[in-house]
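Before I ask anything, here is the structure I am working with.
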Amino acid sequence: MLIFHYLLSFIIFSSNGQVVSGCPRKTICLGHSTSRVSQSQGDSVSSILKDAYEQFCGSEYIEDNIVIRTGSGLVDISQPLVEANFSFLYYVKEISGYLELNNIPSIERLSLPRLRLIRGRNLRSGRYSLLVSGRIETLHMPSLTEISRGDVMLGSSSLNSYLCNTRSINWTDIAPFPVSGHQFSRTDGCNDLDIIDCNALGCSSGFCWCNDTDCCQTLSFNCNCHNNSRCFRDGPNIQCCDSQCVAGCSGNGDTFCRACKNVLDDGVCRERCPEQYIIDPFARTVIPNPLFKLEAKPLCVYSCPGISQY
Ligand SMILES: *[C@@H]1O[C@H](CO)[C@@H](O)[C@H](O)[C@H]1NC(C)=O
Ligand SMILES: *[C@@H]1O[C@H](CO)[C@@H](O)[C@H](O)[C@H]1NC(C)=O
Ligand SMILES: *[C@@H]1O[C@H](CO)[C@@H](O)[C@H](O)[C@H]1NC(C)=O
Ligand SMILES: *[C@@H]1O[C@H](CO)[C@@H](O)[C@H](O)[C@H]1NC(C)=O
């Protein structure tokens with residue numbers, strides 16, 4: 001009975017698209033693994049979502065991938081569609097591998113409001129860094145400004161009008177380094193009435209995530225910066241971000257990055273964390289560094305937080 005209640009509250013229909021997670025915040029520190037694939041498993045949609053909930057709820061930095069995949073056989077067509085609740089991904093900021101939300105049964109607004117960076121260090125099928133499909137009316141990732149590597153694939157399995165808002169996004173600006181090319185063909189069911197007119201909203205870029213005046217997409221690639229670094233607008237001027245930044249920045253220097261290319265140490269994006277030993281310049285011997293921190297990519301930490309929350 002208790003379990004039944006839990007699942008029910010977990011999967012219950014939502015009409016207002018609220019996404020605030022009920023979980024305590026946690027970071028993730030998984031050590032040096034780079035190839036582990038975390039796939040949420042189960043024999044029904046609700047058990048797959050419950051598995052994903054337990055793994056990711058409240059997490060900010062995901063080492064490796066998020067893979068939530070429901071087989072089409074799991075959706076019972078004789079049942080009314082349940083509204084999937086993805087609020088457990090509310091705090092996700094960065095994913096080092098790829099994000100796969102595949103064959104999602106039904107959701108009005110699938111929102112990862114804080115996700116700003118997908119690094120694409122692992123790719124799905126050697127190519128995809130963002131793969132979203134299913135009966136998703138709106139995919140809302142307004143903070144996502146960079147997919148460092150890999151292809152984007154968006155679509156629904158039927159040619160109905162799902163994911164139409166993704167047609168109003170400039171994906172080249174977010175993901176300028178595809179492997180074989182982005183694929184949006186499966187949003188062909190969207191007609192002109194489903195596609196948001198971002199210019200009418202007043203978006204100077206001409207692109208937006210949703211049909212509201214605060215939904216405009218800001219472009220930050222293609223601004224003639226060294227080594228393809230991103231840029232920011234300072235009044236009428238366009239300035240390049242620091243070379244330690246990824247996903248853009250809000251000002252000059254390594255303290256204004258939206259995300260760090262390497263590691264974040266006390267608010268500064270750096271190449272590496274403070275090392276364990278340093279050379280004492282007076283005695284010319286090797287001594288322990290009082291500032292030493294562990295590297296829990298992309299963070300420098302005094303102690304490893306482990307998988308559980310703190
Ligand atoms: C979604 O799940 C969270 C628990 O993570 C819960 O707090 C929230 O009320 C649920 N939202 C809806 C609309 O059911
Ligand atoms: C989309 O973004 C890319 C990269 O910033 C830019 O080169 C291109 O001009 C943009 N497309 C349009 C139609 O503005
Ligand atoms: C966007 O909002 C305007 C004004 O409310 C409405 O006329 C238009 O149909 C909407 N567009 C979409 C694609 O929902
Ligand atoms: C560009 O990259 C090269 C090689 O990684 C590096 O030496 C150089 O300093 C970078 N330039 C800038 C402006 O960051």
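Placed from the backbone N, Cα and C atoms, the Cβ positions cover glycine too.
Please treat TrEMBL annotations as automatic predictions, because they have not gone through curation.
The signal peptide annotation in TrEMBL covers 1-17. Summarising the annotation, TrEMBL assigns domain 'Receptor L-domain' to 62-174. Residues annotated as domain 'Furin-like cysteine-rich' in TrEMBL: 202-280.
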May I have the DSSP-based helix, strand and coil counts for the residues of the domain 'Furin-like cysteine-rich' (202-280)?
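Within the domain 'Furin-like cysteine-rich' (202-280) the tally stands at 3 helix, 29 strand, 47 coil.
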Using DSSP, what is the helix/strand/coil residue split across the domain 'Receptor L-domain' (62-174)?
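Final tally across the stretch: 15 helix, 43 strand, 55 coil.
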